[in-house]
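Chemist: Here it is: the structure, laid out below.
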């Protein structure tokens, strides 16, 4: 609860993980002896503001998730909801199944286990600035735009480019309206904030550190192991 506002967190873990090139969904792979998803759940439930957690998973992964929940426990009320074909469909299923008293919705990638509790709380605290906010980093690399994947069309100003992460946090009426409008217009965005932007609403950027990586490739697993060693992250779940 944040200032009498009921907060529901969605953990999106229904992706296919095609880039990982592994038969097991990326969220169930282990780093430092524990599943990625277990770390993510523990970070989310450690927020003093979060009242309810929705785990969004593929139906075929229910056994994996059941093992994680039974072994590592979830100390806050939670529900398992099956995802859809795309991430956007998955989050919408969460919106349809969240507690009716939800005032604030937080969405987070199941494959981002290193988000700090401080940043989770900060995101929730700042959602009232515009009704929507997201963790983000300034782009470090020069970005090129290419319409055909072969020839550079142009180079945007790097000072204006931000790499968007999760959590993303929204007031409930704003995110529900954004999703309803997106489906009416048959629009699919790459993140939740893009749907809110389509409605004309502003999204607040919250500066984050660079450790909040999304583990999507084998190389990311190597980086994740290095982060665990660097910050002495133990299997103390």
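Placed from the backbone N, Cα and C atoms, the Cβ positions cover glycine too.
What TrEMBL says about a protein is an automatic prediction, not a curated fact.
When I checked TrEMBL for this same protein, it listed these features:
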type: SITE; residues: 19; note: site 'Transition state stabilizer'
type: SITE; residues: 26; note: site 'Transition state stabilizer'
type: SITE; residues: 158; note: site 'Positions MEP for the nucleophilic attack'
type: SITE; residues: 214; note: site 'Positions MEP for the nucleophilic attack'
Chemist: Would you please pick out, from the recorded sites 158, 214, the one with the fewest other Cβ atoms within 10 Å of its Cβ?
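Modeler: Checked 158, 214; of these recorded sites, fewest Cβ neighbours within 10 Å: 158.
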Chemist: Rounded to a whole number, how many Å is the Cα of residue 158 (site 'Positions MEP for the nucleophilic attack') away from the Cα of residue 214 (site 'Positions MEP for the nucleophilic attack')?
Modeler: 22
Chemist: Should residue 158 (site 'Positions MEP for the nucleophilic attack') be counted as helix, strand, or coil on the basis of DSSP?
Modeler: helix
